[in-house]
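Visitor: Below is a structure I'd like to ask you about.
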Amino acid sequence: MRFVEMVRGIGLGGVGLVCTLAALICLFLDPHAALMGWLAAAVFLQAVPFGALVLLAVMRLAHGKWETDLRGATEAAAGVWFLSALTFIPVLVGSGFIFEGGPWGGIVPFVAGTILWFIMLAAIARSQVGGRCSKGASVIALIVLVLGGSLLAVDWFMSLEVEFQTSGYTLQVLLLEICVAYLAILLLRLTRRPEPQYTGALGAVLLLCLMLWFLFQFLPHLLIWADILPDSAGWYAVRAEGIWVWIVAAIGILGIGPMLALLLPQVRRSPRALALAGFPALVGKGLEFVWFAVPGNGLPALLAYLFALCGFGCFAASYLAPGTAWYLPKGKAAV
């Protein structure tokens, strides 16, 4: 390994360590609020291996041009499950601080369910990485991932406010996690050589993800404010005050803007344009996790989220691309 590459790796790890320690300090200052922010960051990171495993199972069942360019990066992202599992240790230890009176199923089922989830992620990663598993195993993996992800979405987020009830919530979270995973994998692939052969196909998949995200984010909001689910309107009311109004606006701009840009074939076929559309979309998804878990918990929750996410991101980047030179993709059009 060259000296410059070694310094880069140490730099990522060092920044990650400092940010994680800062987030841990926030936990001691205000355990309840800071753990809410830490939980949001941990779920954001967990979305990467979860979504990667969903993509690997889909690749096994439905081959396409996008698989040629993405399989390597997707298999690497699936390995982040171990790092993600470590980030949940403070959440499990401090679950009594997060859930006032305990989560809807109780502390023990919450802890056991989270541990079982990561065991399943490890088992599915072992079977899916390499593309050697049967199609039947991939079907089972998809079923387990969707059902397990739905239950954990309720455990991790919706049970934070017992009055909030909506059947579309789990689909919101699942689509959000898959978008995060695909964006992270796509940016990882676009910033590494050689350039993708089928950039147009990668852009089309991203456009599909963002369109589904837009649909499932808009529909529950419409149903609740149409008085079909009036008891849940308070959940949105808290998120429509103060700075959260601007956060919602930023989420919309950072999600809808790239989606509209991807309607242009020139954007979908250009590696550089695709990267420039994907990065703000990923930032928007990060803000969305803040919007789910942090409102009502003050500055400690926000600081813990930012520090934790920065730390987790540095560790994940160091793991996904050790000793690899990052570069800005070229702007030439591809198939």
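Cβ from N, Cα, C; glycine included.
Heads up, here are the entries from TrEMBL:
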{"type": "TRANSMEM", "residues": "7-29", "note": "transmembrane segment"}
{"type": "TRANSMEM", "residues": "35-58", "note": "transmembrane segment"}
{"type": "TRANSMEM", "residues": "79-98", "note": "transmembrane segment"}
{"type": "TRANSMEM", "residues": "104-125", "note": "transmembrane segment"}
{"type": "TRANSMEM", "residues": "137-157", "note": "transmembrane segment"}
{"type": "TRANSMEM", "residues": "169-188", "note": "transmembrane segment"}
{"type": "TRANSMEM", "residues": "200-223", "note": "transmembrane segment"}
{"type": "TRANSMEM", "residues": "243-264", "note": "transmembrane segment"}
{"type": "TRANSMEM", "residues": "273-294", "note": "transmembrane segment"}
{"type": "TRANSMEM", "residues": "300-321", "note": "transmembrane segment"}
Visitor: May I ask whether the transmembrane segment (35-58) has at least three C-beta pairs under 8 Å with the transmembrane segment (300-321), counting pairs 6 or more apart in sequence?
Guide: yes
Visitor: At a C-beta cut-off of under 8 Å, are there same-chain residues at least 6 beyond the transmembrane segment (79-98) that contact it? List them, or none.
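Guide: Sequence-remote neighbours of the transmembrane segment (79-98) are 24, 27, 31-32, 35-36, 38-39, 41-42, 45-46, 48-49, 52, 107, 110-111, 114-115, 118, 121-122, 125, 129, 160, 308, 312, 315-316, 319-320.
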Visitor: Under a Cβ pair cut-off of under 8 Å, which of the recorded stretches 7-29, 104-125, 137-157, 169-188, 273-294 contacts the transmembrane segment (35-58) most often?
Guide: 169-188
Visitor: Sequence-remote contacts (6 or more beyond its ends) of the transmembrane segment (7-29), Cβ cut-off under 8 Å?
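Guide: For the transmembrane segment (7-29), the list is 1, 35, 37-38, 41, 90, 94, 300, 303-304, 307-308, 310-315, 317-318, 322-323.
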Visitor: Under an 8 Å Cβ to Cβ limit, what residues of the same chain, 6 or more beyond the ends of the transmembrane segment (169-188), are close to it?
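Guide: Distant contacts of the transmembrane segment (169-188): 43-44, 46-52, 54-55, 70, 73-74, 76-77, 146, 149-150, 153-154, 157-158, 202, 205-206, 209-210, 212-213, 216-217, 220, 274-275, 278-279, 281-282, 285-286, 288-289, 292, 320-321.
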Visitor: State the residues, same chain only, that lie 6 or more residues beyond the ends of the transmembrane segment (243-264) and have a CB under 8 A from a CB inside it; answer 'none' if no residue qualifies.
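Guide: For the transmembrane segment (243-264), the far contacts come to 203, 206-207, 210-211, 213-214, 217, 273, 277-278, 280-281, 283-285, 287-288, 290-291, 295.
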Visitor: May I ask for the residues of the chain that lie six or more residues beyond the transmembrane segment (273-294) and have a Cβ under 8 Å from a Cβ within it?
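Guide: Here the qualifying positions are 36-37, 39-41, 43-44, 157, 160, 173, 176, 179-180, 183-184, 186-187, 190-191, 199, 202-203, 206, 210, 239, 244, 247-248, 250-251, 253-255, 257-259, 261-262, 266-267, 301-302, 305, 309, 328-329, 331.
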